[in-house]
Every structure is written in structure tokens, then in C-alpha cells.
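Below you'll find the structure, written out as C-alpha cells, and then a few comments.
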Amino acid sequence: MASKKGDPEELYVRQEKIGKGSFGEVFKGINKKTNETIAIKTIDLEDAEDEIEDIQQEINVLSQCESPFVTKYFGSFLKGSKLWIIMEYLAGGSVLDLMKPGPFDEGYIAIILRELLKGLEYLHSEGKIHRDIKAANVLLSASGDVKLADFGVSGQLTDQMTKRNTFVGTPFWMAPEVIKQTGYDSKADIWSMGITALEMAKGEPPRADLHPMRALFLIPKDPPPTLEGNFSKGFKEFCALCLNKDPNQRPTAKDLLKHKFIKAAKKTSSLTDLIERRQKWLQLNGNNADDENDDLDRDAKSNEEDFGWEFPTIKQKSPVAVQEQQQTPQKPTVVSTPIKEQQQQQQPTPVTTPQQPVTTTTTTPTTETKVRSLSNSSQTTPVKTTVAATTAPATTPASNAPTSTTPNGAAVTQQQAPRASALTSVIYPVLSKLLKNTSDENVINALAQLKMAFDNAEKAKPGITHSLIAQIIETLKR
């Protein structure tokens, strides 16, 4: 997506900060020409070098969406290393903001879910998956219109790719198949919407009292959460349909719009009651009450720091990039290379390392180079190749890969089974963080040996890392 030239401050007046979105801060603003109120997301690309691909993904998705149920995108501007993304201003705030005074009555929940389903029906019909549905990413206008926001981790499904394998989302809202990396499709959004329904009814998602890492182990293992309490049979049934652990048994957004609980929902104008409720709550508690650290996402982020996780939203490269290897890890280096569209993308070149771990220096493009890639046409996408606590990918001849057929008859090459998510999503990030924070050669060598030990153990007995971490968590609980 091309960014516009010129100084955005000549076109817009940036006013007070109104929140934080994926990658940056969000301000209220005014279009000088039309006097229209808009939202301005500002991102310092020098501070977000590793997220440039994801930022461009959000811009690409927003620019392609034309729906009354998705936040409008008006354009983006580069000023030095600062990126301005101009979007529709939604004065009602997020559903999470509106929940600060307390959970919602189910009548309001039904309205929000209906509008959310309309947004998902549109996205899914366009072959897109949101992948981060939660109350914080659902916004309201002053008149009660409901819109989906925050597309930083959205995915695109094509005829040649019926299921994705990337590990993304926010832990408490993640579908079991996403965590297990068995491949997923738009039904993952339906699960997350079911969790969001429970969040609105109870004030927080299931397992919110647990560390996010423990939640990741329990979600695929335990029975699905249910809506308990004084709620209607229709609402409980709706949640149960969304939270079926078998994605093939979950209804589509289109089907759920026909559910009796949704069909009985009132007009969106009723949601202005929630906006007024929050305004009264702010008057009683002071405007600073909105800034308190009671956001579950922020709590999760502070809890995870000891484990080397990056919450609230996780995005991991496709498991294909972490296939079995026999090579020695290096000090982490991130290389960002602009390449043509994904159909021209080649497998990363395997990295040859010496027998003993050493610290290597790799010339990396500057932030300025990455920033320029955002200004180019949509034919160029910056892609990150990470040489970190992962090893180089093994190349598998396409001719040996099993194939299947999509419903429309297109041949699909199935990806090899991904490595254990515990190894690629827990051990590697922790080792990478430890490696980044030390210059002691003894520590570096020890970490390299530790990683090799995990690699060898996982190769000898797939899933052993998951079992080990699960046992550690059980021990710590005692």
C-alpha cells in the first residue's frame, strides 16, 4: 500500500491522545479541509523496525475493506520515520472501554454480536481472517454503530491456501486449533467471538486469572468454556455453538446471524445507553479511572515478562520456517528484505554455521530503507527473515509433498507437520531473549548447548517439550 507524500500536519490537526492500537498511539484529529473529526494512529518506525511488515499488513487490509462494519481508512503519510495512518473516528470507544463500569446485560451483547457477525461475514467472504477478535478490537460510534478494528495480524486465505498455520492472536481468545498449529481458517474467528461474548457477559474472558502461558496449554486440553449464570437459554446455546472445539462443527458467521438469540436483538441505537453509562462512571470516578492498569492485555503483558513472551497479541512466522535442523544456532540477527509479491517468494537460504557458536555481524537495512518500502507501490512487501533462536529451514521438494484438493478443485500442497508449538513458541523466544541480553561468551555457549539439547530431545520424542513445560507448570502450582 503506497503512503502519500507531503506533510500530514498541513492537512490534519492532531489533538488529544485517545488510546493505543497495534504498533502505535491513537489521537483524535481534525481534517483541516473538511473540518471532519478523524482518528490518527502515529507510529515511530525506528521504534517498530520488527513490526514494519505487520504495519503494512494492517494498512493493506484496511485499504481493501469497504464495509460499514469495518473502520474506514482514509490514507497514510510518512514524515521522516513517523507514519501517520488516518482513520475513521469512533467516539463511543471500544467495547472494552464500555465494560469498565461492569459487564453488559445480554440484550446489549446480542446487538454487539449481531454487528460483529456482519463484519465477520464480510471479511470471511473476502477470504480474510481477523485473528484477533476481542472486546478491545470492537469500536462504537457515538450513535452506536459497531465496527471491527485493529487488523495488524489479519490473514488472507486464497484458493491455494485453505488453512493457515501461523501462530497469532491473543492467548485467552485463541482457538484450540490455532494454538495446536494444526491449520485453521475463518472458524478461528468464530471461537474468538464466542470468548468475546463471555468476556462481555462476565467482564473478562475465561482463565483470565491464569498466566497466559498456562492458558495456552489448557485451551486445547480442557473442555470448552461455557456460559454459566443467570442468562437465557438462547444466549448459552449461542456461546456453545461458537465454542465447539471441532472447527468443522462451528457455524459460519452467516449461519449464526440466523440464530434466534441474534435475530431478537434490538437496533444499534440502544447501545448509546452503554456510552452514557461509561460517561457517568467517568464523572463519578474521575477521567483518570480510564487510564488505570486494569486492562487484561496490559496485565498479561506484565505477567509474561519473566517468561520472554510478547503479549497481548502473538504473531509467529509459519512453522515451515522452523523445520528440523542439524545446525548450530547463532547470535540472533534480523534481516529485512523487500521482495515481490508472495507468489515470487523463495525459501530462505539455509545458514551455514561453524561447529562452535560465535557472534556474527550481519549488515541489515536501515530503518530508512524499511520506511521507504512502505512508500512504494503495493507490489513490494518488506519481509522479515529471522535468524534467531530458530535454525535455518530445511528445503523440502514440492514434488514429495502430499497434496489435497480444495472445495473448488484447486490443488493444495500441504505443509509439513509443524514442530511442537511449545518449542517454537516458548523455548525459542525465551532463549532468544536471554541471548540478546548477554555478551558473556560462556552464557552464549551454554544457551547454544541448551537449545541443541531441546532440539535433539524434540527430534527423538516429538512433543516432549510440551510435556516438560506442562509438568513444570503443574509443579509450580503446588
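Placed from the backbone N, Cα and C atoms, the Cβ positions cover glycine too.
Swiss-Prot has this to say about the protein:
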| type | residues | note |
| --- | --- | --- |
| ACT_SITE | D132 | active site, proton acceptor |
| BINDING | I18, G19, K20, G21, S22, F23, G24, E25, V26, K41 | ATP binding site |
| COMPBIAS | 323-340 | compositional bias 'Polar residues' |
| COMPBIAS | 341-368 | compositional bias 'Low complexity' |
| COMPBIAS | 380-408 | compositional bias 'Low complexity' |
| DOMAIN | 12-262 | domain 'Protein kinase' |
| REGION | 306-410 | region 'Disordered' |
The residue listed as 'active site, proton acceptor' in three-state DSSP notation: coil
Neighbourhood of V26 (ATP binding site), C-beta criterion under 8 angstroms, separation at least six: K17, I18, G19, K20, A39, I40, K41, T42
Model confidence over the domain 'Protein kinase' (12-262) (mean pLDDT, whole number): 87
CB contacts for I18 (ATP binding site) [other CB atoms within 10 A, all chains]: 18
Length of the line joining the Cα atoms of G24 (ATP binding site) and D132 (active site, proton acceptor), in Å: 17
Most crowded position, judged by CB atoms within 10 A, among K20, G24 as binding-site residues: G24
